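Report on one structure; see the data block that follows.
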Amino acid sequence: MARSYAERANTHQSPVARRLFALMEQKQSNLCASVDVRTTKELLELLDKLGPFICLAKTHIDIIDDFTYDGTILPLLELSKKHKFLIFEDRKFADIGNTVKHQYQGGVYKIAQWADITNAHGVIGSGIVKGLKEAATETTDQPRGLLMLAELSSKGSIAHGKYTEETVEIAKSDKEFVIGFIAQNSMGGQDEGFDWIIMTPGVGLDDTGDALGQQYRTVSQVFSTGTDIIIVGRGLFGKGRDPLKEGERYRKAGWEAYQNILR
């Protein structure tokens, strides 16, 4: 039996997850906007439009050509407060613990200072979780959360089978910091006391794929296999699309699909 976001907001071990579930319930949204744009202006304008409809904004901050901390991150944080969404930097860390620790807290982007959530590959082993958690606790007193990449939506992905199983085992190493997975299906864990959040990319109401190997599934399909949050990018703001209309369209579709699995 599926549990409501409100119930999970009251019981989750992670303060980040509790806050996220509470926002989802309040805004009646399980929509994460994937804003892969190249300029600060585009990023901020898009999120100002999409903000009312989303619970989470997913960034690739290293593709912003004119990035500055004060000019990009500070206004982004203001928008997240204005519209009440969390920020997920899709960094996909994949190195030894000591290296990812520096990548997360330092450099130009200083991700641990501002991103509520980030993610990592499991290929390195559990040391990556330890390194990232150390960086988070040393950098800020604000709670942070980590998603592990268990399954991907791209054609030919090798993230399945044994790889996925081992990634789930890594996630078990830290119940508070690891809040869930990027995945296409539920990763279980309930019997062992885990309440993992499943965020699913490759969701489209109109498209089935692209020329670079992305494969799309419908909103109802991904909720039937265990998702909690749908990640949508070009469906919200691609060529000829109005972010205001599409934001509400995807928000409504995601919420209705969630309501259906509760029945």
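For all residues, glycine too, the Cβ spot is worked out from N, Cα and C.
As written in Swiss-Prot, here are the features:
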- D36, 58-60, 90-99, Y216, R234: substrate binding site (BINDING)
- K92: active site, proton donor (ACT_SITE)
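I96 (substrate binding site) is surrounded by 12 other CB atoms, counting those within 10 A of its CB over all protein chains shown. Over all protein chains present, the Cβ of K92 (substrate binding site) has 14 other Cβ atoms lying within 10 Å. Within the set of binding-site residues (T59, N98), the lowest number of other Cβ atoms found within 10 Å of a Cβ is recorded at N98. Reduced to three states, the DSSP call for T59 (substrate binding site) is strand. The least crowded of the binding-site residues D36, D90, judged by other CB atoms within 10 A of its own CB, is D36. DSSP assigns N98 (substrate binding site) to a helix in the three-state reduction.
Y216 (substrate binding site) counts 20 other C-beta atoms within 10 Å of its own C-beta, drawing on all protein chains shown.
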